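To start, the structure itself, in structure tokens.
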Amino acid sequence: MGCDRNCGLVTGAVIGAVVALFGGILMPVGDMLIEKTIKKESVLEEGTIAFKNWVKAGANVYRQFWIFDVQNPEEVAVNSSKIKVKQRGPYTYRVRYLAKDIISQDSKTHTVSFQRPKGAIFEPSLSVGTENDTFTVLNLAVAATPHLYPSTFVQIILNVFIKNSNSFMFQKRTLKELLWGYKDPFLSSVPYSIPTTVGVFYPYNNTADGVYKVFNGKDDISKVARIDTYKGKKHLSYWPSYCGMINGTDGATFPPFIEKNRVLQFFSADICRSFYAVFGAEINLKGIPVYRFVLPSRIFASPLQNPDNHCFCTEKIISKGCTLYGVLDISKCKEGKPVYISLPHFLHASPEIAELIEGLSPNEEEHSTYLDVEPITGFTLQFAQRMQINILVKPAKNIVALKDLKHNYLVPILWLNEYNNTADGVYKVFNGKDDISKVARIDTYKGKK
């Protein structure tokens with residue numbers, strides 16, 4: 001979700017055409033003309049407004065990071081104390097600025113395939129510090145060792161390299177290292193062929209996500225932008241049963257003519273699962289009426305609260321036999337690394353989840369996810385996708401850095417907010433007053449033809 005956002009591209013034109021032609025009253029003939037125009041311009045094929053802005057976003061997309069700086073690392077490692085954290089941020093990057101590539105239309109299946117290049121550019125003016133700011137954070141390589149290598153014999157061997165490299169439960173890392181990768185001293189000292197670079201989002205820059213194949217809506221506009229396959233698959237193996245289904249779009253756009261009772265489905269490759277949003281409220285966005293759809297708390301509910309989630313509960317430690325709620329184990333799609341996803345500050349999570357962490361203050365306004373969708377066109381004009389990345393750390397008597405722990409810790413590393421700025425895209429479009437054929441056609445973007 002939250003990739004290429006259409007920020008008012010068609011909306012103003014459609015609204016303007018309706019008002020100009022019919023004085024705000026949608027007459028049957030006008031209704032048909034507008035509906036026909038919207039359906040035509042919503043198809044993802046060369047020459048339509050939707051396609052042009054789908055290939056490359058019209059407004060800037062940013063990703064803000066808040067890092068959880070650990071205040072008492074020695075107390076935790078030696079005495080198994082509660083972890084005291086201090087949130088620092090935001091540190092902001094511009095993302096989703098690269099156009100989709102390797103685009104290929106299939107006229108037989110009415111689909112379009114593509115890859116989404118990845119890149120992140122640091123934005124100092126939108127950040128509280130620099131990429132060289134330093135934090136005390138969990139040692140990612142040490143924490144993952146018991147999960148990746150459960151064998152006692154292997155752990156004993158690896159413990160030698162952990163000690164010799166002076167690696168501990170916590171470490172100091174710069175923002176740039178933590179996010180995008182660094183050579184880990186413990187892994188670099190192991191005399192075997194293993195990856196030695198570690199980072200929360202490594203690798204990211206100069207990589208690509210996909211291949212995606214989505215319906216272009218040419219034969220059926222109700223299917224436009226809906227994902228048919230991701231990396232050649234319709235179903236992800238990480239989750240059993242229907243939980244592995246790839247549902248909906250990528251969240252950037254939805255089929256037009258959205259009703260409030262519609263459930264909007266979208267897929268997130270970062271989290272390796274599909275999500276859904278429900279209507280929350282009507283709001284006014286720069287003069288445009290939009291529907292705000294929100295992620296309901298039931299998304300991360302336990303199977304006891306929401307039986308539909310039974311196939312998302314794949315672990316028993318943190319969830320205590322699938323009875324607790326608010327976190328999602330995504331380790332299977334992260335090569336076995338003990339990564340858990342939640343809402344920021346464990347919003348909507350069981351109190352027990354965060355009982356060993358001090359310094360958290362969850363609140364709905366700052367930590368929830370929403371999409372503001374223009375209901376006529378189905379375009380997402382504004383959004384905020386928020387999530388928190390956590391690592392499960394468990395006691396390991398054979399690893400000196402973890403041997404004194406008495407608890408399983410779900411350690412928050414950072415939380416992020418990916419959002420777009422509708423003020424970045426200023427469009428001038430024909431309203432169709434003089435020529436209905438020009439409805440929704442772009443005249444200028446930021447004053448340029």
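Using the three backbone atoms N, Cα and C, a Cβ is placed for every residue, glycine included.
Copied over from TrEMBL:
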- 7-29: transmembrane segment (TRANSMEM)
- Cys243-Cys311: disulfide bond (DISULFID)
- Cys272-Cys333: disulfide bond (DISULFID)
- Cys313-Cys322: disulfide bond (DISULFID)
Close in space but at least six residues away in sequence, with Cβ under 8 Å from that of Cys243 (disulfide bond), the same-chain residues are Arg273, Asn309, Cys311, Phe312
Quick one: of Cys313, Cys322, which of the disulfide-bonded residues has the smallest count of other CB atoms within 10 A?
Cys322
What are the sequence-distant neighbours of Cys333 (disulfide bond), meaning same chain, six or more residues apart, C-beta distance under 8 angstroms?
Leu236, Tyr238, Cys272
